[in-house]
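The transmembrane segment annotation in TrEMBL covers 26-47, 59-78, 98-120, 140-162, 193-220, 240-260, 272-289. Taken from TrEMBL, the feature domain 'G-protein coupled receptors family 1 profile' covers 41-287.
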Amino acid sequence: MNETNHSQVTEFVLLGLSSSKELQPVLFLIFSLLYLAILLGNFLIILTVTSDSRLHTPMYFLLANLSFIDICVASFATPKMIADLLVEHKTISFEACLTQIFCVHLFAGSEMVILVSMAYDRYVAICKPLHYMTIMSRRVCIILVLIPWSVGFIHTTSQLAFTVNLPFCGPNQVDSFFCDLPLVTKLACRDTYVISLLIVADSGFLSLSSFLLLVVSYTVILITVRSHSSASMAKARSTLTAHITVVILFFGPCIFIYVWPFSGYSVDKVLAVFYTIFTPILNPVIYTLRNKEMKAAMSKLKSRYLKPGQVSVVIRNALFLQSK
């Protein structure tokens, strides 16, 4: 059929998390609080790392960058999802939809690779401790941050190339709360089977290669740890547990979403929420609760900016200004 006889789609309809009008205000409150917690938690890590000179090390430099990426992962779609819970017609323009696709693959790709950078940092710290500061120089740390963003950009550009020229002239309902690439390509008014395979191959290659590098890195690290004393083993295990937990939390939903997306299977909204919201909120918790240095630095930061009586003074001043 001649595609020129169809009208071009200018916007998509996001079906969102739930069609229940009674449930939407509850979801609005819950996700508003969760998003606020994501921003506060990750910004707190960035502020703590930058303000405490004891944390000016490669490991915490990479951790601060992970927190920044987590903020980006949570922010590309969550604010719109929260706003859409208050409106009946949840629409998004074609250009904004492409922007969401660009952002999700940029940030997700960057996060995959920065987890590999963090694994490399732990490998050098545990397997080559005497050469750690020599190997992990400032230049190397910057490279370990630039590589994830470069890989993420290349990945998202290749993914977007599959979509930007597709003709959309019929259905425009996306069964999710954001424009996910597999769901959007299904709406094109042409056969997208080959494009769908290329999308899965592209995402699968990045996900699988990053995951395999992480598995190999942490396997070598754990083998090395076993040959050391019990004291060093306990400290290394504490750090490794946090890193491995974050890897599992990130790659679990990501792999599940992209393994079977094109055989009549819709993206599971629960896993999509977990990936875009719960993983960014869990990362700060995991890295701070098991890290004595972070907890000590945060206590120091709290005592510096929230001195005894300072909060009450701020509250009294605010109430005084309101009463005027």
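Cβ coordinates are placed from backbone N, Cα and C, and glycine is handled just like the others.
Model, not experiment: these values are computed from the prediction.
Only residues 6 or more beyond the boundaries of the transmembrane segment (140-162), in the same chain, are considered here, and those with a CB under 8 A from a CB of the stretch are 58, 61-62, 65, 69, 98, 101-114, 116-117, 120-121, 181, 185, 195, 198-199, 202-203, 206.
The average pLDDT the prediction assigns to the domain 'G-protein coupled receptors family 1 profile' (41-287) is 85.
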